[in-house]
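Record features, source Swiss-Prot:
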{"type": "DISULFID", "residues": "C295-C312", "note": "disulfide bond"}
{"type": "DISULFID", "residues": "C325-C348", "note": "disulfide bond"}
{"type": "DISULFID", "residues": "C328-C360", "note": "disulfide bond"}
{"type": "DISULFID", "residues": "C599-C651", "note": "disulfide bond"}
{"type": "DISULFID", "residues": "C661-C689", "note": "disulfide bond"}
{"type": "DISULFID", "residues": "C758-C794", "note": "disulfide bond"}
{"type": "DISULFID", "residues": "C770-C806", "note": "disulfide bond"}
{"type": "CARBOHYD", "residues": "N171", "note": "N-linked glycosylation site"}
{"type": "CARBOHYD", "residues": "N407", "note": "N-linked glycosylation site"}
{"type": "CARBOHYD", "residues": "N622", "note": "N-linked glycosylation site"}
{"type": "MOD_RES", "residues": "S949", "note": "phosphoserine"}
{"type": "REGION", "residues": "1-26", "note": "region 'Disordered'"}
{"type": "TOPO_DOM", "residues": "45-860", "note": "topological domain 'Extracellular'"}
{"type": "TRANSMEM", "residues": "861-881", "note": "transmembrane segment"}
Amino acid sequence: MLFLRPGPARGRGRGRPARAPHSGLSPPWSPAWICCWALAGCQAAWAGAGDLPSTSGRPLPPCLEKDYHFEYTECDSSGSRWRVAIPNSAVDCSGLPDPVRGKECTFSCASGEYLEMKNQVCSKCGEGTYSLGSGIKFDEWDELPAGFSNVATFMDTVVGPSDSRPEGCNNSSWVPRGNYIESNRDDCTVSLIYAVHLKKSGYVFFEYQYVDNNIFFEFFIQNDQCQEMDTTADKWVKLTDNGEWGSHSVMLKSGTNILYWRTTGILMGSKAVKPVLVKNITIEGVAYTSECFPCKPGTFSDKPGSFICQVCPRNTYSEKGAKECIRCDEDSQFSEEGSSECMERPPCTSKDYFQIHTPCDEEGKTQIMYKWIEPKICREDLTDAIRLPPSGEKKDCPPCNPGFYNNGSSSCHPCPPGTFSDGTKECRSCPAGTEPALGFEYKWWNVLPGNMKTSCFNVGNSKCDGMNGWEVAGDHIQSGAGGSDNDYLILNLHIPGFKPPTSMTGAMGSELGRITFVFETLCSADCVLYFMVDINRKSTNVVESWGGTKEKQAYTHVIFKNATFTFTWAFQRTNQGQDATTLRKKPTSAWSVHLIPTCPYIRSMARRLVFHVGLGVEALSNLSSVGSLMNGPSFTSKGTKYFHFFNISLCGHEGKKLAVCTNNITDFTVKEMVAGSDDYTNLVGAFVCQSTIIPSESKGFRAALSSQSIILADTFLGVTVETTLQNINIKEDMFPVSPSQIPDVHFFYKSSTTTTSCVNGRSTAVKMRCNPAKPGAGAISVPSKCPAGTCDGCTFYFLWESVEACPLCTEHDFHEIEGACKRGFQETLYVWNEPKWCIKGISLPEKKLSTCETVDFWLKVGAGVGAFTAVLLVALTCYFWKKNQKLEYKYSKLVMTTNSKECELPAADSCAIMEGEDNEEEVVYSNKQSLLGKLKSLATKEKEDHFESVQLKSSRSPNI
């Protein structure tokens, strides 16, 4: 049996793939030549055996044109090929045409033509069909076209094998949605792959919508060796504005090209991401197309040689391969553009009309007018259908908005420069010494302001093009009806720039203004309201979104940059790709929009506060640069590893907030950042900011990715040693207790940007702690109880430890040490107390040198004094001893004299000195001993036994 490769690539419509293109003629010894000659031999044998009986005894019938088809062989090295006839399956016949030389391999027909294989000439496509010539197109996505494949992977190589993860990626894929195909919404990496073989250089073109930077979207091309082509250097696809389609085109080389549309979602919270949408994929450069393709339902082609099918207008429809569109019965049926059938008109309800207010007339009156939503699809003549309310009721016009006045006409005009008005009175000049606070404040919605516009957009169709997405309603503006449930109802506010007050001129990094709006959403099904900002017409970024029914509330967004802003509100009833036209949900409403610059006195107060704080934290001057902290890692539900990265700038520098966080989601934005573009919108600057970092190994990218940058602190509240300031409290057990007695210094900040979770904005507290063990910038940490830096998502806490946070040194922080006296001189040194809990301040005094006396001199003096004292004591002892001897002698003599006169008559006692007595001796008797007496007694006590008692002879007569 003889097998040949499939035929050449065919252009297609409605998303059907073309066959792979073929090469041409091979050398005579090649397999292609062998196959051709073998086929010719078989055909000759079949022709010669035409009269022979078949296996059933009957000859084979001759082959008709319907019994076979033509195909080309593979191309040889010279670019030639053969056209051969291939019998259709289950057909037995004889007499196939002989092989003939085919067209060159690079041959192709023009758009609107196809290659008629019998004569090998290009022919125009008939009515109801179309052809791209050498291209293929995929514009119908009711199902995944043949040739396309989905490959879902989880590229995190750190967490572990896929079977250990909580959820796999088996259910993640690109989903066909009719007119477009939609990417995955989870954090899996899903590739939409299509392989094509080109005979000549060509290109690939597709339209896409990519509005959410929480999804990475890349398009690249590989060859048959799985090597990326040079043309995929810039594989990251640019973001588009919300509700708008962008286009992407890449040149293709001849040969095999494998096309990849790859998306990776980054889910760090509960908020769902918006998927990437792709439609109208066109590939140019295939060899030829051998047939024209019928127009898809809802389109038609009324001319031969068409390369595109036209869309059927409203209230018409068409089937596949239509030459024209068929009109619906407009009395009872309707259809949208590009419909394949007509639908019955439903009865009219209150959701099928809206009211508007006419401009004020000269009498100050406005009329309430009721109109059907266009195009009108309902019927008034059915049972239970309502009628359109009567129009023309007059009411008093609301006053002008603040800053505008009524000059007697039917419209409001802005106040001249230097004047102001609350909207109800004439414009007045500002008092002396004051300036007008410029801004817009829309409180009354009688007519749409001149700098606002409204529109309707649908990603899959044009049903609501030309409709008003929002309608004014007196004291508020509300979303319109739209044409489908998944329409985007868009309201734009354009601001060419900001003019800060004179008192703020020259301030850098300051709050230039803010926009505040009050809104509520009333939804009976799934709905979402987006608030988006575009700076200098670069790209629209979603700032905040609210899903489902929300009560009346206010939201504020702060502006720090003087640039051209476009603020956008987009309301969508459902974020799924559906084409429901009969359901019309309740609207969302906005009551007021305030767009005002910051008041001058607030900015002046802030400058004074920073001035006083600067005097108190002089010791922190070396911490004026940005401190950084990366904590984690954390993991998503499917195991994606990520980190929280914080930048902290305590006081900024010359009014600039140095803490900057960026989103380098694509190579394109990285190039913008490197180029220093002032319009780089993926960059935020503040006192404290946060980014989500995804390491390179986590998703298979060549570099770490930074996304979801948010401002945590843009307003400095104050600095104090207290733990509470303006309702921001730092609990005592949040951080470890400081080992020193030095109090911690606390910096308090606030962010004016509010979110659905933080209605009062975010706040930040930074605890500065003196730690001599951490020099330089030190280290930043978060509470152990709140590893993400916050426990509620609204208040963030940081502990910054550094020696630079220590107080200034004083004379109480050092002590002196005296050295030894050497050669009459002595040194005094000064050293810091340990541990040293201070920095800078006063310096250590220089060492002091003073005169002194040595120890030898005083030793000699002491010895001399001691010797003198000893001699003196010996002399005194001898003196008192001699004195004591004399006293004892006199006492003994007195006693002897007294005893010798006992026998004599008593004589008169006399104290007088007798003649011949010596007056030099005097004896005094005292009952109380003196100190010397006591010493003498002690000295003579042992000598009492040395004296003998002698009986003296009495001089008295015994007879007396």
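Positions of Cβ are set from backbone N, Cα and C atoms, glycine also.
The two recorded residues, C312 (disulfide bond) and N171 (N-linked glycosylation site), have Cα atoms 36 Å apart.
Using CA atoms as reference points, the disulfide-bonded residues C295, C651, C758, C794 were checked against C770 (disulfide bond), and the closest is C651.
Distance from the CA of C328 (disulfide bond) to the CA of C348 (disulfide bond) is 19 Å.
In three-state terms derived from DSSP, C689 (disulfide bond) belongs to an extended strand segment. Checking each of the disulfide-bonded residues C295, C360, C661, C689, C758 against C651 (disulfide bond) by C-alpha distance, the shortest gap belongs to C689.
Residue density at C312 (disulfide bond): 25 other Cβ atoms are found within 10 A of its Cβ, drawing on all protein chains shown. Looking only at the disulfide-bonded residues C295, C325, C661, the one with its C-alpha closest to C360 (disulfide bond) is C325.
Packing around C794 (disulfide bond) is summarised by its Cβ count: 18 other Cβ atoms lie within 10 angstroms of its Cβ, all protein chains included.
Between the C-alpha atoms of C758 (disulfide bond) and C328 (disulfide bond), the distance comes to 53 Å.
According to its DSSP assignment, C661 (disulfide bond) is in a strand. The shortest Cα-Cα distance between C794 (disulfide bond) and any of the disulfide-bonded residues C325, C328, C689, C806 is the one to C689.
C295 (disulfide bond) sits 51 Å from C661 (disulfide bond), taking the Cα positions as reference. Checked against C325 (disulfide bond), the recorded positions N171, N407, C661, C689, C806 differ in C-alpha distance, with N171 being the nearest. Under 8 Å, Cβ to Cβ, and six or more positions away along its own chain, C328 (disulfide bond) finds N315, T316, Y317, F334, S335, C342. On the 0 to 100 pLDDT scale, the topological domain 'Extracellular' (45-860) averages 77 in the predicted structure. Of the listed disulfide-bonded residues, namely C348, C770, the sparsest Cβ surroundings within 10 Å are found at C348. Burial estimate for the disulfide-bonded residues (C651, C661, C758): highest at C661, by number of other CB atoms within 10 Å. N171 (N-linked glycosylation site) sits 34 Å from C661 (disulfide bond), taking the CA atoms of both as reference points. Under a cutoff of 8 A between CB atoms, and with a sequence separation of 6+ in the same chain, the neighbours of N407 (N-linked glycosylation site) are H413.
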